[in-house]
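*Asks:* Sharing a structure below in structure tokens format, with a few things to ask.
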Amino acid sequence: MGSVLGLCSVASWIPCLCGSAPCLLCRCCPSGNNSTVTRLIYALFLLVGVCVACVMLIPGMEEQLNKIPGFCENEKGVVPCNILVGYKAVYRLCFGLAMFYLLLSLLMIKVKSSSDPRAAVHNGFWFFKFATAVAIIIGAFFIPEGTFTTVWFYVGMAGAFCFILIQLVLLIDFAHSWNESWVEKMEEGNSRCWYAALLSATALNYLLSLVAVVLFFVYYTHPASCAENKAFISVNMLLCIGASVMSILPKIQESQPRSGLLQSSVITVYTMYLTWSAMTNEPETNCNPSLLSIIGFNTTRPIPKDGQSVQWWHPQGIIGLVLFLLCVFYSSIRTSNNSQVNKLTLTSDESTLIEDGNGRSDGSLDDGDGIHRAVDNERDGVTYSYSFFHFMLFLASLYIMMTLTNWYRYEPSREMKSQWTAVWVKISSSWIGLVLYVWTLVAPLVLTNRDFD
């Protein structure tokens, strides 16, 4: 009897696996918009992929991965292939994820509303999409080595560079929303309390940035060497100071009264993180001490024969993963009314979203029977670009690939080590990010004939 009931329970989920996104979460989540629930499920798809990729790097997994035909055949290098098989597995898994999201991105080009037949694919058929993703990933493991890893390294680097810029755009959006929320509460009442909170958050961000700069000069520079690190730290520090001063200039404040030091402090902290992340990828070990070696720990796995050690745990990678998760889930639930950021992320503003509880039509949030529903808030027009959202997840897959492998370039005939290319990608992204932030400040002054409200 219990087996029959269990089978019936499983069978009740079959329509959900082929139906829309809200059906999957309606039993365990509160009511919400269809557009938000769909993005959350795609983000969970990516999170599962990240977890599996992390498992691939666990010491001891190489014995299982070596069973895949052709994975380590006829490869001789400084580092034995069986030690680096986890890195190769991450490349193939992320390749499969990236191709899955790129396929969806191309399929969803110019979808304008949920009445488009392609929108049903975006918002439903979850079992088939999951099966497709798994099939692509499994197929990727049988791709001959050849130049695959080398070519995909450069593709991953370009994609990760773009995703870092998207992270910064979302960070700017978050900083603007944070500042606007606290300023509104400060104006409504209890102004001293909220003013103190605003001042404390800003001061904390700048204090963290100052401490980071001091530590960078202490541990990542030497009096007679590490000229590149000295230049990176100094230039980014001066650029952050310049952006902070610019944010409080009278002309900027006149055109954007809500701009201020809180946003600048958040951008400054992120810029310092990118600076540190870039320096940790330098090939010269004397200018690139690992964080754990600084505090007296070691996480390298020694290789029994002649060869180099392989570090399995990278602090900068952990921080990168945390920022990645925050970015992806924030992009899934955000309903920003910042018009400049919305134009960059191809998202409609908050006013286009159907408010919860408006009407009791076929797509109402609650049918009165206590069952959670989700409103179809995209019948008249999508609230975000389906194609761009999937393209962002495509870039996110590449960013994860580069982060988990610490931006190493793998070649069987050479050592597994950092590349200057990775350093310049991260440093240039920090500069472009600062330029984007400054542009959000000066755009209303430069383009006077456009409305930025």
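Heads up, the Cβ atoms here are built off N, Cα and C, so glycines get one too.
Since we're looking at a predicted model, the values are computed, not measured.
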*Asks:* Check for me whether Swiss-Prot puts S35 and S385 on a single side of the membrane.
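*Replies:* Result: yes, S35 and S385 share a side in Swiss-Prot.
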*Asks:* Which of these ranges is annotated transmembrane segment in Swiss-Prot: 176-196, 260-280?
*Replies:* 260-280
*Asks:* From S35, S364, name the one Swiss-Prot lists as phosphoserine.
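*Replies:* Matching S35, S364 against Swiss-Prot annotations yields S364.
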*Asks:* If we skip the immediate neighbours and take only residues 6+ beyond the ends of the transmembrane segment (427-447), which ones have a Cβ under 8 Å from one of its Cβ atoms?
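*Replies:* Distal contacts: 161, 164-165, 168-169, 172, 232, 236, 239-240, 243, 246-247, 251-252, 255-256, 259, 263-264, 267, 270-271, 274-275, 278, 340-341.
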*Asks:* Thinking of Cβ pairs under 8 Å, which stretch from 152-172, 260-280, 388-408 has the most of them with the transmembrane segment (232-252)?
*Replies:* 260-280
*Asks:* Tell me the residue counts in helix, strand and coil for the topological domain 'Cytoplasmic' (173-197), as DSSP assigns them.
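*Replies:* Output for the topological domain 'Cytoplasmic' (173-197) reads 23 helix, 0 strand, 2 coil.
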*Asks:* Give the residue counts of the topological domain 'Cytoplasmic' (110-123) per reduced DSSP state, in the order helix, strand, coil.
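*Replies:* Taking each residue of the topological domain 'Cytoplasmic' (110-123) in turn, the totals are 7 helix, 0 strand, 7 coil.
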